[in-house]
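Novice: My structure is below; once you've seen it, I'll send some questions.
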Amino acid sequence: MEENRTSLLERKAEYCEKCPGCKMDRLKQEQAGVPYKLLSFIWIVSLCTALQISSLFPFVYFMIRDFHIAKREEDIGFYAGFVGSSFMVGRALTSLFWGVVADRYGRKPVILIGAFSVVVFNTLFGLSTNFWMALSMRFFLGCFNSLLGIIRAYASEVCREEYQALALSVVSTSRGIGLIIGPTIGGFFAQ
């Protein structure tokens with residue numbers, strides 16, 4: 001005797017209309033293949049967030065020298081270290097905060113805030129007239145740009161499971177390229 005049985009635990013996927021997680025799951029189910037458009041967006045944003053980490057190193061010595069804050073030439077490196085590290089201090093202090101905001105309000109708004117902050121605070125850093133302005137602009141740039149974890153989470157969310165390794169490789173590759181060409185771009189603008 002053959003009986004047609006259906007599992008009681010088997011469910012059809014039910015999606016809520018206003019749920020961002022359901023929207024993303026539905027989008028992944030409808031995708032066939034690699035989402036090249038989303039991966040290129042992720043690549044560009046990740047590159048932009050990595051560029052400003054190292055782009056100041058070719059010219060920060062001359063910038064500190066022109067601020068006339070160091071009493072001796074040997075102290076310029078001391079002050080340049082503060083400007084260089086202030087970005088990472090700001091980033092370390094706000095990474096958790098931006099992760100919570102991204103979980104609550106979505107990854108895209110937080111990524112857009114971070115990308116916009118790159119433009120604003122890098123411009124203000126370039127227009128700095130004294131040491132404290134340069135230090136604070138780098139700090140605020142780091143505060144609004146704690147995107148590494150958020151970009152990785154977004155990359156793994158927009159791809160189907162079989163393409164998640166590719167998506168995370170895109171993030172790592174673009175960050176590496178950004179860290180390599182950042183000093184080149186900084187050196188070009190230092191001239």
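Just so you know, glycine gets a Cβ as well, placed from its N, Cα and C.
From TrEMBL, for reference:
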type	residues	note
DOMAIN	38-191	domain 'Major facilitator superfamily (MFS) profile'
TRANSMEM	41-64	transmembrane segment
TRANSMEM	76-98	transmembrane segment
TRANSMEM	110-127	transmembrane segment
TRANSMEM	139-155	transmembrane segment
TRANSMEM	167-190	transmembrane segment
Novice: Taking the transmembrane segment (139-155) as the reference, which of 41-64, 76-98, 110-127, 167-190 gives the largest number of Cβ pairs under 8 angstroms?
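Specialist: Out of the listed stretches, 76-98 contacts the transmembrane segment (139-155) most.
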Novice: The domain 'Major facilitator superfamily (MFS) profile' (38-191): mean pLDDT?
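Specialist: Across the residues of the domain 'Major facilitator superfamily (MFS) profile' (38-191) the model's pLDDT averages 92 on the 0 to 100 scale.
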